[in-house]
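S.K.: What TrEMBL records for this protein is below:
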TRANSMEM  B:18-39  transmembrane segment
TRANSMEM  B:85-108  transmembrane segment
DOMAIN    B:86-277  domain 'ABC transmembrane type-1'
TRANSMEM  B:120-142  transmembrane segment
TRANSMEM  B:154-177  transmembrane segment
TRANSMEM  B:198-219  transmembrane segment
TRANSMEM  B:260-282  transmembrane segment
Amino acid sequence: MAAPAPADFRTRLQDWLPKLVLAPSFAVTILFVYGFIIFTIFLSFTGSKMLPKFDTWVGWANYHRLFSLPEWNIALKNIAIFASLYIIICTAIGLMLAIFLDQKIRGEGGLRPIYLYPMALSFIVTGTAWKWFLDPGIGLENVMHQWGWESFSFNWIKSNTMAIYTIVIAAVWQTSGFVMAMFLAGLRGIDNEILKAAQIDGASNWQLYRRIVIPLLRPAFLSAFVILSHLAIKSYDLVIALTNGGPGRATAMPATFMYSYTFTRNEMGVGAASAVIMLMTIAAIMVPYLYAELKEKK
Amino acid sequence: MSAVTQDTSVSTGRVTRAFIYLVLILFALFYLLPLYVMVVNSLKPLPEITGGNMMALPREWTLEAWGSAWSTAQIGVSPTGLKPYFLNSIMMVVPAVALSTMIGAMNGYILTKWRFRGDVWVFGLMLFSCFIPFQIVLIPMARVLGMLGLAGSVPGLILVHLVYGIGFSTLYFRNYYAAFPTELVRAAQIDGAGFFRIFWRILLPVSGPIAVVTIIWQFTNIWNDFLFGASFGGVNQPMTVALNNLVQSSTGVKEYNVHFAGAILAALPTLFVYIVAGRYFVRGLMAGSVKG
């Protein structure tokens, strides 16, 4: 066998080089993302307590136990309330602000950054700020009393039934400006000729937006929905900082449940099962969306 | 995604316009309110908060709470202030951002200019990894960090953020390079330029904007992360975790002014980036959501 000529070797190296450079990233993704997912799924079928134990296959027992736990059911109820209100309110506020800002507003350049800056903060900072602002002792309630409105009462954050809504308030504060930016970009992409044609046909502003503009914003609605639902399901930091899951466990969420069962209550099997449920929920939303995006690209 | 291109041609009456301005200003106040509360109360002595009005300006302006939050406040068991944790965050963020951006640039270059069979699948798998709930990787990650001897260390956190940051940086560079004419790359190839040379000479010089977007995005995400920091930080916690410990500590008097000062300290780096490069920040947000 003759040794390959140097030039030949060089071309072949050039052929392999891209794949070689990409390989570590791909390997890391396969191992640390997909390998870990399989690991956790496997774990959710074992009786692991404090440490992973693979020799104790328990079948679906962790899932049965998970759905019989009051705390998990509270978490599911909370995420349902939180996610739906969060998505609806953020979308409504975002759409409204975007449409209003699109009316040749003076000072738009000053307003947009004000609406958007909360997105640069960490949820822990947001949680801290709102925690004390909503605290009846020193926050809003106290302020109103000082200003002479003695009967004013706002103690949601201390209330078992209302605390979940304070999380909605803080989360909406953080992300609604971002949704505004998405809708504004959508609005600015709409061809003015279409609007002018409709105006000549005698459409009122209300009809214009309801019949023409909002339907044209469909892609922005879809992206907003996907991003917001994905943020909602992952919400962990904000709950920890704002209410720490309390009062009691009134604001427990799947993410806080997973953490406490896995790392503080030593029920790793159940914790893993709850993580799998979270992944499946997000995958059900993200996979079709990403698939459609990638297919479009090709 | 093109930025601001045109205003609508819809016209509105006077009353409607007044109403629109009113709503826009009210919302601006709503967004500014927590920032105002944080700044104002961080500059007051404690009794003015507990016995006074949160909305009022300080009667006595003081930077004491800031000093305390930075260097003497009780974090967990030791009265170190937030300073060491701020430094932890810096030491974690700089290498993680630099490495994930460089790797993302290479990946994006390969996935658009050196396409191979199945490249869309490779990209799809990396893309989905951006959106998984990180709870699904916490348990095995803890184990792997333990095996590598990196548990509770800054290098451990760098590794974690690098691994889960590559997906996004790859996404950004891939979408950016996809719009770059492949003919130029082919022409350079015919002229005998190799894989690295083409990247270095042809693609890198035009990568400025997307590099800024990626760096800002990664910086904000990694600086603001709490879950990984709380799970794997150990004694080398990042800033967010330390801030949460400061605020949630149940012992002693609640020093609200120190909490607010600490919160602003934790927010300063990302706020600073937002203020100096807001345009790129917004572009990154959009590119991360509307992939097109």
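Even glycines carry a Cβ here, placed using N, Cα and C.
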S.K.: Which one, B:85-108, B:154-177, B:198-219, B:260-282, has the most C-beta pairs under 8 Å toward the transmembrane segment (B:120-142)?
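M.R.: Stretch with the highest Cβ contact count: B:154-177.
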S.K.: Taking residues 6+ outside the transmembrane segment (B:18-39), which of them lie with a CB under 8 Å of any CB in it?
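M.R.: Those are 12, 54-55, 260, 263-264, in sequence order.
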S.K.: Using Cβ atoms and a strict cutoff of less than 8 Å, what residues sit near the transmembrane segment (B:154-177) while being 6 or more residues removed from its termini?
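M.R.: For the transmembrane segment (B:154-177), the sequence-distant neighbours (Cβ-Cβ under 8 Å, at least 6 residues beyond its ends) are 88, 91-92, 95-97, 99-101, 103-105, 107-109, 111-113, 123, 126-130, 134, 137, 141, 145, 148, 203, 207, 209-210, 213-214, 217-218, 221-222, 225, 228-229, 232-233, 236, 238, 284, 287-288, 291-292.
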S.K.: What same-chain residues lie close to the transmembrane segment (B:85-108): Cβ under 8 Å, and 6 or more beyond its ends?
M.R.: 70, 75, 126, 154, 157-158, 161-162, 165-166, 168-177, 199, 204, 207, 211, 214-215, 218-219, 222-223, 233, 236-243, 265, 269
